[in-house]
Every structure is written in structure tokens, then in C-alpha cells.
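Positions annotated as S-adenosyl-L-methionine binding site by TrEMBL: A:GLU142, A:ASP170, A:ASP188. Residues or ranges marked as region 'Disordered' in TrEMBL: A:279-363. What TrEMBL lists as compositional bias 'Polar residues' is A:303-319, A:328-342. Positions annotated as compositional bias 'Low complexity' by TrEMBL: A:343-353.
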Amino acid sequence: MSVVQQSFATYKENNTIEDGDLVVVYLARENMSIIRIKDGEYFNCKFGSYKHSDMIGLEYGTKLGSNTGRGFLYLLYPTPELWTQVLPHRTQILYIADISFVMNFLNLKPGMSMIESGTGSGSFSHSIARTIAPTGHLYTFEYHQERVNAAKKEFEEHGLSHMVTLQCRDVCKDGFNMENKVDAVFLDLPAPWEAVASAKKAFKQDKIGKICTFSPCIEQISRTVTALSDNGFVDIQMYECLIRFNEIRVIPMWTIEEAMEKQRAIEKKRKRALPRVLREPAAAADEQEEEEAKKIKIESADDSNVSSAIGTPSSTTGSEMDEGVQVKSETATPSVPSTPILSSETASPSTSSDPRERIDPKNVMVTRLPVEQRGHTSYLLFATFTPATQPPNLTQQNAAKKA
Amino acid sequence: MVNPSDIIQAGEHVLIKMPSDNVKCVVLNAGSTISLGKFGSFKANDIIGHAWGNSYEIYDRDNKTRVYHPDDMNEIDETANNNREIVDDGASQKLTSEQIKALKNEGLKGELTGEEIVNKLKESHATFDKKTAYSQAKYLQKKGKKFHKVFTPIKPTTYSLNEYFYIKNPAKIRDIRMDTLSQLLSYSNVHAGAKLLVVDDTQGMVVSALAERMGGKGTILGLYDGDSPHYDIVKYMNFDQETLNSIKTLAWGRIHRPVGEKTPDELQDVTQLTGKDLEGYHRRLKAYNIVEESRKILFEGDFDGLIIASQYQPESILEKLLQYVRGSRPVVVYHTYKEALLETSTWMRKSPDLLAPQITESWLRKSQVLPGRTHPEMSTWGTGGSLLTATKVIDFPVQAALTKRERLAIEKKNAEAKKLKRAREESEASGSEAVEATTTTADTTTSTTTTTSTEEESKEDDERSSKRVKQE
Ligand SMILES: C[S@@+](CC[C@H](N)C(=O)[O-])C[C@H]1O[C@@H](n2cnc3c(N)ncnc32)[C@H](O)[C@@H]1O
């Protein structure tokens, strides 16, 4: 075991994986898992088997090949952001868009103390703890005993328990039982309005405080707005925040002249092909070719702009299919090529070596949003707790008079 | 128990939200009078020493202020009234515009309170009673805003300053919006004690946000071009000295000591200096030491993150700075224009030092929340900028626990692949068409499909590194 307990709130001084440490194993963005290193154990996945002992002593971020030599993975340091992606879901959880916006609006920073309820799966708790560490404190409330137990264990294992107080409590029925203690409150509960009055008491009474409630339905928001204004909260504001993850593609764009050249070439070929080959297969082949001519060829962004990409093993995928048209990103010329070459078999040797006679379309880099994406998470309702008003003290009054 | 940052302090920058909802930025010098334009003015001393969070009303001729308690937002009953009979031709108000102006002047002079004015307007409004409760409330709110001289001091924070500049002058901060900035902070995993390398052209908006999250613990090293770092926004944040000390800067042009540059001691013999010359020497020495310290911080490396929000080509910056970042640390690039990040993302995909580049944009919508009248605001924000994020990884793949035979087999395979590749490159260079291949592949997604652990890819990666070595 390492001497100092690893914590999600900070990095390790030596950035080295030691026995007993947590590591996020990255196979792909959608394929990550968190493991605790134990000498003698293995991490198995479909690309191979990895000995924990081989990970010990490596720096976080290292790329590790499997014992078969066929696959590899990355060994990442566990952060709250990664935790949100790998944690076991016991409830619905908050994701990075809402987590980030709420923390920013609530002005979280080191040293703040805060209430959160319910703890749920602890997704948000980890980000809060990291942000208010090392001197801040998180009071988190959850009324479901098993979730409390699971979260408690995680906070301990993640080096956060010294700054997180977790209580099993129905905050709507029994309140937070806290007074004059916190700078911010976050409520992710089915009925947040029932906890507003108690939250008010928990705020440090002589300073400004911020509250956020998180509800998927507008009816919940209405009731919470009423509760907030009844309890004297001001500056009530509501937001929604979503993240758009873009995919990058490189698409070739032929001019209409190029497309017509291609069409003419296909027709020429058809005339030549007909007498020789049986009618049916030829038609099928033509169809396929026409299909290809119309299809916008998409080049992997991975390979674009690498002059040596042509012919690398990774770029040969589907090359048989696409032989008809050469897509060469680095030689895109604006001029219209004269006679396009369709495939090496149909081209005469003299033309095939003439680069001007290829279709070199202009490649355009574009982005695209996934067809399906998140359209709504929840409404974020914010309000301000105003401090008890104090009369300006005497010296200030005097100073004001003099001025 | 009172923290000084919870109290409005003399000499600080303060955002003032005015009755019109516009926000103004002022410096609160003790004894000064702060003008709010047509809304009058108030005395700085009347709010200095108070806790942040209250609103104030300017209520008399002497510009006296008192804490203002807005009326509760009561549930508005839908009455039988509707707005059918109301013709908004200005005729329903029986007071002439001169009379209203006079009332307003009395208000500004402090002879009438805002409430009294609004009541007068209401009384002389012919159809006020016929309005629906909703439009009555709206009327009072509208007039109230106009005649109550209420202002709210807002503490400058990452959020409030970001919002202020985003609305007032988005170009100044390169359009970075509050939600995008909040995501930048998350992706950076910024926390107390971190050591961050930053290139910030947002007038210090990004540096300020990072520094606030570090609370004076840790180090930010900001690289800048030009004569001095333009971190204007840092000064609005009212940071304590510890936080200000955590922000170090270094000019791009001074990363390496210019050949022939002499230390102040090499230039002058301090024992021979007096008066002005000695002062000059100490000034130069101080400046020299600051640069030396920043260089040392940079060259020591081991940064916990690289954050770029620059107008310059991100790849050119990454090429220089990536080497100083530790393994498993975030690299976050902000740019106003998503398109400007596309090439960078492709570059990152090819770099063996970076894992899983991803371009994101944020969408943010604010709603009006009034009891019974909640709806998204009619005008919304357009651009908020774009982020490109990736993780720094370590470029030397460690092959785990291989038998000697396995290792030899892999090495042989790699060598063959390299030979083949070289042959291809040569034939390409000579212009021959010996090697037929296309670059078209079926899968084109770069942001969601990430490194899959296949043999092919690892081979490719080996080639990348070998390419890199050749370039160097
Ligand atoms: C959606 S989850 C919270 C998820 C959490 N924000 C996260 O990011 O992982 C809501 C949680 O609130 C808890 N809860 C609901 N009502 C509660 C109450 N009255 N008191 C305490 N916890 C409550 C539920 O058991 C549930 O675990």
C-alpha cells in the first residue's frame, strides 16, 4: 500500500501507480473501468490479460500493451470527471454539463462548506469535494440506507471521507438539522420545496448564500419557486444547460463538372462492357458504381492530411470497394481534371500514371452532432440567500457624514 | 468567523446592478460618491463594511441608502379581468407627461419615494383596475423599476464577471460564456495545489477562473506574447495576495535566454553603484529574477494540465508545451470558433501523446420564472465558444510480461511493417504508382470512436512514434 492515501481531490505527488492505488483503465471512451491495484491479480478484457504487477511502478497515463501483444490500454489517474463516467449507477446521476454549471453559479471554491441532497450515486459529490478541498466541507444527505452505505464506502476509498459528512436522513421530513453552517445548498430531490425552509436555516446567516434545486419537471420548479420566495430568497433564476459532442468528418466535395465527367465515363464503360459480359452482372456492377459515384465518400479524419497516410495499413480498410476514386487530401487541386479514371482495370496504362486525370475532390472538414443526443436533463433553479441586515456601525456613519 | 471576502471592502471592484437591470463596474473608494447616472448616486461608505447580498434603495435628497426588501413574489391570481378593454395609447394615464416628469424629478431629488410615485401613477391610471392581476403586477414592476432607485452590489466572481463581460463586451473575453468556462474548469480538473500551464488571450478571464478555483494554493504559469500579460480581468476579482502570487507569467520570447544576455550582475558591479543607478540595478535584478523563476517553473515541467484559450494556432502551442505536462493530465483548448479547432483535433488524433480528443459546444438557456408565467426568455445567447479536450498520455508503450519469443515476434512484425512503409514512401516520392491504396475508410468518426485496442492501431502508433523520431 502506498504511504499517503490517494485522493480524488488531488493528484499523487509522484504520479506513480503503487500497490493499492486506484486506476481508471481506458480501452475506449465508452469502455473504461476503475480497478484497485493488487499485486498478483489480473485485469482481463477481450484484448488480453494484464498483470497488476506490471502496472505497479508505471506513471499514470502510460500505455500498456497486453501479454498477447495484440491490444493495449491506458492507465489513467482517477478524477471526479472520470468517476462520473465509470461509477456504478444506483440512481440517476448528474453529468458534466450540469455539474460544471452549478458549481460555477454557486461559486464553489476551496474552503466552502456546502449541503447536498440526495447523495444518490455520489456523482456530483465527488466534483464538489474536489472543488472545495482541502479546507471545505460537504454535508451530504440521503435517506436510502443502502445508498448511504455504498457512498460511505466510496468516499472512504477515494480519500474524501475527512471532508465529507454523509447522513442517512429524510431531509424533507426532518430537515438538515443544521444552523448557520454553509455557503451553498444543492437539492436533487423529488420534492425540493419541502427542504427549502430547513436549508434557509443552514445558511451562514451573516453572509450571502446560493441555493440550486435540480428538477426535471416544470411543475416541480413552480412549487420550488413559491417556496423560495416565501422563504425570502431573492434573484430567482432558471437555466438549462446541455453539452453537444461533435463528430468530425472529412467529406470530399466534387464539383458538378467532375460528377458529369464521372457519369460520362460510366456510360462509356457500360458501352464497352455490354457486348463482353452477360447483361445481368454488368448491370449490377454498373449499379454499384453509380451508387459509389453518388455516395459522398467519407475519409477518416484520422488519416487526412498525412502525406504518408496513403498506403498505411490503417487506411486500407475498404480499399477494394473504393478503388474507383482516389481520394487524396494533400493534393486537392481546384482545377477540374480532364478524364477521370474509374479504376485501374479500365484505365489504359498511359493515363493511369497521369495524376492530372484523377478525380481529386476538395476535402472539407465538417462537424456533425450525433443523431440522438440528450435533449433535457433538468431545470436548474437558482436563488440567493440574503444576509441578515446589520445597521452600519458608528464609525461608518461618521465617515459617511464627513464625506 | 467573518471572512473578509464576505464583506464589501473599500477600494474593491464592485459590480452594481442598477434599477434598469444593467450592470456597471465601479471601484468603491472610501468616501467617494458613486454615480448611477439617471438613477442618482450613493455614497460608497454606506455600503462598505456590509455583507454582500443585499439591495439598497436611494431614498432621500442626500442620497441616503437603506437596505431594500423586495415585495414577495406573490402568486398572481387570474382574475376575471382581461386586457380587452385596455387601449395602450397612453390616454389611460391621466397624468400628462410633464406631470410624470415632475414626479420623477421629485423622486430623483429624493422628495418622493419610489413607492409614492408608483402609487400616484396607479391612482391616476384610468383602467388599472381592469387590468389582469398579471398585467397589474407587471405594470407595477415596470414602474417600480423606473421609480424605485434600487441597486444591488454584486461581488465579482468568475461567474458574475464572466456574465458581465459576456453581455457588455464579449469580444474582450473571446466570447467564452459562463457554461463553456464552467466546463473548461471541470475538464481541467483544477483544484487547490495544482500546477497549471496556461495560454490565455481572454484578458485573463480563464486565468482568473482557474486562480479562484485554486484559492492561492498551487501555481499557474501563464505564457504571453507582447510586452506584458494582458490579464485585465484578474484585477476585478479582488484576489488576496496569496492568490495573486500563485499567478506567474513568462513571455514566449523569454522562454530561452537570448544568447549573450547578461545577468544584472554581469552588467554592473553593484558595489560601485549609488543613488538612481542602484535603484535601477535593483529594478532590473527583480525583473530578471521573476523571469528566471518562471523559466524554472516551466522547465521543471510536471504540469497538471495545459489550458489554452489563445488566438494562435493551437497545434503550434501544443508542439511547444505538451512536453511539460505530466501523464494522465488534461489538455483543454478553448476557441471562439469551433472550425478553428478541427485541424487541431485531427492533429491530436495523430499525436501519440494525446488520448481521445473531443470537441464540445455548450448550449445554455435562461428562463423567466414568474409564478404562473414561466417560459424561456425571448432572446437567447448565440455563441459561447467551443472546447477541445484530450488527455496527455505517455508515448512509450510498455509491453507487459512478454516471453522472449513473443517479444521477438512482435519486433519482427513491426520491422517488416516499417520496411513496407518505407518502400511505399519511396515509391510515392518517385511518383510511381506502384502502390495502390486509398485513404477512404468506412469509419470516419473521430470524436466518439476512440482508440480501440487493436493490433492494427498499435502498429500504427509505433509508426507514428518512429515518424516523430525521424522528424526530430
Ligand atoms: C437523482 S438522485 C441524486 C443523484 C446525485 N445528484 C448524483 O449526481 O449522483 C436523488 C436521491 O435523492 C434521494 N432522496 C429522495 N428524497 C429524499 C429525502 N427526502 N431525503 C433524503 N434523500 C432523498 C433518493 O434516494 C436518491 O438517491
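Cβ atoms here come from the backbone N, Cα and C positions, even for glycine.
Whatever TrEMBL says is automated annotation, not expert-curated.
Feature map: annotations from TrEMBL on the structure.
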residue  : record                               : Cβ contacts under 8 Å, 6 or more apart
A:GLU142 : S-adenosyl-L-methionine binding site : A:SER117, A:GLY118, A:THR119, A:GLY120, A:VAL148, A:ALA151, A:LEU166, A:GLN167, A:CYS168, A:ARG169
A:ASP170 : S-adenosyl-L-methionine binding site : A:TYR143
A:ASP188 : S-adenosyl-L-methionine binding site : A:LEU94, A:GLU116, A:SER117, A:GLY118, A:GLY120, A:PHE124, A:THR213, A:PHE214, A:SER378
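Taken residue by residue with DSSP, A:GLU142 (S-adenosyl-L-methionine binding site) is part of a strand. Classification of A:ASP188 (S-adenosyl-L-methionine binding site) by DSSP places it in coil, neither helical nor stranded. Secondary structure at A:ASP170 (S-adenosyl-L-methionine binding site), taken from DSSP and collapsed to helix, strand or coil, is coil. Neighbours of the S-adenosyl-L-methionine site: apart from A:GLU142, A:ASP170, A:ASP188, residues of the same chain with C-beta atoms within 8 angstroms of the site's C-beta centroid are A:SER117, A:GLY118, A:THR119, A:GLY120, A:PHE141, A:TYR143, A:HIS144, A:ARG169, A:VAL171, A:LEU189. With A:GLU142, A:ASP170, A:ASP188 listed as the residues that bind S-adenosyl-L-methionine, the site has a largest C-alpha separation of 13 Å.
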